[in-house]
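What TrEMBL lists as transmembrane segment is A:21-39, A:51-71, A:78-98, A:104-124, A:136-154, A:174-194, A:230-248, A:284-301, A:307-326.
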Amino acid sequence: MSAESISNTGAARARKVDLRVIGPLVALVVLILIGVMLNPNFLSYSNVTNVLARSAFIGIIAIGMTFVITAGGLDLSVGSMAAFVAGLMIMAMNWLSVSMGDSVVVILLGIVLALGAGLAAGFINGILITRAGIEAFILTLGTMGIYRSLITWLADGGTLSLGSGLSSLYSPVYYGGILGLSWPIIVFALLAILGEIVMRHTAFGRHCAAIGSNEKVARYSSVHVQRVKLATYVLLGLSVGIAVVMYVPRLGSASATTGLLWELEAIAAVIIGGTLLKGGFGRVWGTVVGVLILSLISNLLNLTDFVSPYLNGAIQGVVIILAVVLQRNSGPAR
Amino acid sequence: MSEPILALKGVTKSFGPIEVLHGVDFALRPGEVHALIGENGAGKSTTMKILAGYLSQTRGEIILDGKPIEFTGSDQVEDLGIIMIHQEFNLAEHLSVDQNVFLGRELKRGWRLDHRAMRTRTAELMSRLESRADPATPVSEISVPEKQMVEIAKALSRQARVLIMDEPTAVLTERETEVLFRQVERLRDEGVAILYTSHKLGEVKRIADRVTVLRDGIMVRSDLIDDVTEDDMATAMVGRELSDLYPPKSDRGAEPILEVSNVSVRGVVENASLTLHRGEVLGIGGLVGSGRTELAEAIAGLRPRTGTVMLKGQPLAAGQVAQAMKAGLVYLTEDRKGAGLLLEKSLRENLTLPLLKDFGRPLIDRKREEAALDRAIEDFAIKVPARNMAVGDLSGGNQQKLLLAKTLLSDPDVVIIDEPTRGIDIGTKQQVYNLIADLAAGGRSIIVISSEMPELIGLASRVVVMHAGRVAGELAGDAVTENGIVRLAMGMEQSGKENAA
Ligand SMILES: Nc1ncnc2c1ncn2[C@@H]1O[C@H](COP(=O)(O)OP(=O)(O)OP(=O)(O)O)[C@@H](O)[C@H]1O
Ligand SMILES: [Mg+2]
């Protein structure tokens, strides 16, 4: 280590942390300004709500992911888990509607099932990681493949569609709303606020950060390390369930490509937002900003013909790398 | 007197707006052991890091062989023959002992690593240090003092002209310290300039040729060792006369509060039993590696164990830390950095971590946390340059005080303290000893594990001594003497078994 890098700690750190705090926000504002300059319709009501509603699925998952990553874990399975849960939900609702008709009760049962399935899937990941001691990366890589293959099998390589009667009954959950805001946006916003409070102001959030920071210290400080880690995966599973509940009414279908790469987008959003990938520090509002940045980029590319939308992935990639570089330069020295 | 190799001239150092060194002048001479002493936070580590090029000074000059020099990086510093052993370990936990010793300077045969040569060299160095650590074991699996020995081996393996050691003996027993000092004397005779710091003044008297005292970033005196007494040193450090180091021992009650019977931990502790009474200070002595820490951790629910532990007549389940804390038993770890504190978090977050539920549910009450921190800073005289700083930036001794505050936050009935005064200065030591005595007088019961014999003798009315994982014996009252403890610790009664552990 050079003398230079060591003297970068201490008081100099305090200033830099500020930069890290506002970094993602600055990026978001810059993106919005660019958007307004390139296309006057950018800030129109319909575009803004469109962007927000599309962000909501990844966003809800990313909030759960923030806790997992803060506690030093990772979950690669959320995208295929979402597809699998969506498939299950659709099949169950179609089956129920045969005997019960296209009723609200069927939809409510479907919702309960989706939430339960998400919860269970998260629990399975969590229990295997904490009790069987399997590395999170490997385990969730495995379950990612399993769920993806299960949904492909369930759909027989094609698409599972919700019956049209149910579909029109359910669609207000995505398209409807109150006060001009659609339900996905409202749910996303509420979960974000709740998540932020839990992360910053409850023992659970503090324990997540402590475990991610140094698991042994947490254990010696009588934190229930395994229990908290398990809870983060269960919460993430639940947030996948919630995202599915919001997602299914949008298209009324699920297929082998549903939720493809969602896990990477969610993880990227978390990191862009300033949560440390190695754990120990996380913030939910940052994740929200990260999600917005990612979806604004693709929205911008679609609205303007400046750069081909096919380059969306490339530009998002650059943003992710920049975010991590910024983090490394100003993160706490270890 | 020979010319200095390395010197500081008018060096100041600021961290942000806070200046912690105020114009320090200082010279290291070949063949001389120089001790730098001072209270916690006085700036010893900072001075040493500047000398070894790990920190850059704010003002002033570093002089090497009579000429001012700018350090550009650790490679250059090492090439100049300046080697530093840090107060906190700098070891790669997942690498083996020999890989650590040769980290960055691996021995090669052609383009391939010469594993065998590195292993043999390491084994040689470790045996010179009389350490039993196997070069092939990962560092994460060896004990704290063994880690220190690895650091020392690492330093010995390089061609040093200047060897700087920041509290190398804080984690060592007296016997291990003696081993280290023999190596130090050998290096001194070879003409190496040695700078070292310690809070154990007896030890300074024993090994140093010259002693310099730092108080609040100012050099207050520098003398040849023969011109000063231990009392002089302590007074110069603290800036006032120190009265008796150890408070009077209070009488213990007759009522047993903690009964440990036949506790075993696979491979390290065998059938250990002991009893602690209300209001008692019980010492546990023994060599490092004799199973003291493992026994304590097993009692506190941090390790799997067999056997029974009864607290206030109720059994404590094995492996349940939180339950033990709730029942009123806590353990203060000897491994401050690895198991005690979250170094990149603030003081507040560290202090309240074990007891967050008591600071408001469901939402944490920030004000109450701040108030608790205020109290801790005051009660334990923690020196905090900036309140929201990361704990890792506190001086080592102040970290220890914070750890004490954190452990005692739950107001436990039974406290097991592993190396209570590791790395803390003599003034604060006295405070800690008084605190322990006050706790005992207030009806709490304390187990003190210590490698410092005088500490055990000064504090405890009864001492249990461990040897090779077993309780070798117990001393009480006037029988608590250095000689008695050493005899038991060395396993004199069960000779021939010393290598069993
Ligand atoms: N990176 C840093 N940022 C801010 N303050 C620092 C930093 N490093 C050290 N300090 C402060 O500088 C002062 C001197 O610290 P230093 O570590 O040199 O003390 P020390 O004499 O070695 O004490 P100890 O005996 O406790 O090890 C302390 O008040 C410490 O908190
Ligand atoms: Mg120090």
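For all residues, glycine too, the Cβ spot is worked out from N, Cα and C.
TrEMBL labels come from automatic prediction, so no person has curated them.
Owing to the predicted nature of the structure, the values given are computational and were not obtained by experimental measurement.
When Cβ-Cβ distances below 8 Å are used as the criterion, the transmembrane segment (A:78-98) is approached by residues 57, 61, 64-65, 106-107, 109-111, 113-114, 117-118, 121, 143-148, 150-151, 154-155, 160-163, 165-166, 236-237, 240-241, 243-245, 247-248, 252-264, 266 of the same chain, each at least six residues removed from its ends.
If you count C-beta pairs under 8 angstroms between the transmembrane segment (A:307-326) and each of A:21-39, A:51-71, A:104-124, A:230-248, A:284-301, the highest count goes to A:284-301. With Cβ pairs under 8 Å as the measure, the transmembrane segment (A:51-71) is packed most heavily against A:230-248, out of A:104-124, A:230-248, A:284-301. Contact between the transmembrane segment (A:104-124) and the transmembrane segment (A:284-301) is absent: fewer than three CB pairs lie under 8 Å, with pairs separated by 6 or more positions in sequence.
Listed by sequence, the residues of this chain that lie at least six past the ends of the transmembrane segment (A:21-39) yet keep a Cβ under 8 A from its Cβ atoms are 272-274, 286, 289-290, 292-293, 296-297, 299-300, 303-304, 306, 319, 323, 326.
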